[in-house]
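**Student:** Per Swiss-Prot, phosphoserine is recorded for Ser435, Ser501, Ser522, Ser523, Ser527. Here Swiss-Prot flags Thr440, Thr442 as phosphothreonine.
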Amino acid sequence: MEPRAVADALETGEEDVVMEALRAYNRENSQSFTFDDAQQEDRKRLAKLLVSVLEQGLPPSRRVIWLQSIRILSRDRSCLDSFTSRRSLQALACYAGISASQGSVPEPLNMDVVLESLKCLCNLVLSSPVAQALAAEAGLVVRLAERVGLCRQSSFPHDVQFFDLRLLFLLTALRTDVRQQLFQELQGVRLLTRALELTLGMTEGERHPELLPPQETERAMEILKVLFNITFDSIKREVDEEDAALYRHLGTLLRHCVMLAAAGDRTEELHGHAVNLLGNLPVKCLDVLLTLEPHEGSLEFLGVNMDVIRVLLSFMEKRLHQTHRLKESVAPVLSVLTECARMHRPARKFLKAQVLPPLRDVRTRPEVGELLRNKLVRLMTHLDTDVKRVAAEFLFVLCSESVPRFIKYTGYGNAAGLLAARGLMAGGRPEGQYSEDEDTDTDEYKEAKASINPVTGRVEEKPPNPMEGMTEEQKEHEAMKLVNMFDKLSRHRVIQPMGMSPRGQLTSLQDAMCETMEGQLSSDPDSDPD
């Protein structure tokens, strides 16, 4: 049914005609997400008519059908202005049961009305900054948090619980003030951790499910997404003992999520959200990933249960096969594995054995091949600086932050970016709590070590001498041509001569020489100022 015909029916005011027109429109457009520009003005007119009645108050018999029509039109950005008034948003919040102005004992809720209202609010908040601001001002997060906290006692159906969480996710993703309010005033981490525990069936006395059902999977992922939003900067925050205990408890739930299978084909998606949130936890709280006791069937390494680390490594390898959005898919799991390896020697040695086994193939460049090491070395020269940084950091930590060992496995050319950023171009080792474990060399590596090109990280055939057969005069002529070419490039600032500063960082040759001379003068006791 055309929007003009529906609008005409609404203007008649005859209830039977109005409801029949709206039912037909809803039925025909329930799956419409794009709209014809030619009918834009008709849809705007229809939206205004729907909103005017919504703001005055809908009789119970009309609410579901009316809200369904509003939900469909709220997908159309050209109609948003009609729906984003303070009165219309307040009306939707009241029908959803999340208005702060409602009394402590609100009227009984019709769950179909609640669900349609929540869907309308989600559409509006997603698409309209005005709706986002009005929702924040109205304090919808307070009632949403109350409902999430009552999920065990409430008789709300799955769809309502899910869209409560979806609206909470959108508000915390799009509004900093709502994020802070949920985190600080409403104790969002504690509240949502408890909700996650209940959703996963992890409470005392309950048998832990081996396969998470579809509805619980959907709700768990929404909870993880909201937790990610409100803990986004907690990794940078100092936490006291009470908060650390809470984050460790959350970490145990995330560990369970990583080990859990989800119904259908959503296991990797669930694991992805859990890994993203693990990356937000304070580093000292990640020790819970390695506190599972070894048991029959578990992977034990140096007396430690490595099941979680193995799953995370397998998850990372799957993500490496993706060719798009590597930053979102690979960086979080690499960061988590890096911190586990940095803090825990058994985890580092296990990961090194899997990722950087003793070198045998010394004739292939480190970035060539389909081994996990090859894939990670390729990421070290990725266009995205965050991707190459986390990949290099992970391999560097697996090498116990030893520069020679890092160069051995990756080649100096691939390693140069991280070494320059760390001020380690001159070698050395940063401060770190690493044991002096030996890096066992294979016989193949020992035999070829002297012939390995440190820049490429492989044995290369000796190239022919380009000056072979030239006279001394010809050699001198070619050398001067080369000098003149470099001089021209330098004078036109196409290239800049670089040197190594005393701190091990690349800098201009002139600055490097000045710093070196200043260092020598300051360390010479016989030197006096002029």
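Quick reminder: no glycine exception, Cβ is built from N, Cα and C everywhere.
Keep in mind it's a predicted model, so treat the numbers as computed, not measured.
Thinking about packing and proximity, how do these listed features fit into the structure?
**Tutor:** Of all Cβ atoms in the protein chains displayed, 14 besides its own lie within 10 Å of the Cβ of Thr442 (phosphothreonine). Look at Thr442 (phosphothreonine): DSSP puts it in coil.
Its own atom aside, the Cβ of Ser501 (phosphoserine) has 20 Cβ atoms within 10 angstroms in the protein chains shown. According to DSSP, Ser501 (phosphoserine) sits in a coil region rather than a helix or strand.
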**Student:** Could you state the whole-number distance in Å separating the C-alpha atoms of Thr442 (phosphothreonine) and Ser501 (phosphoserine)?
**Tutor:** 35
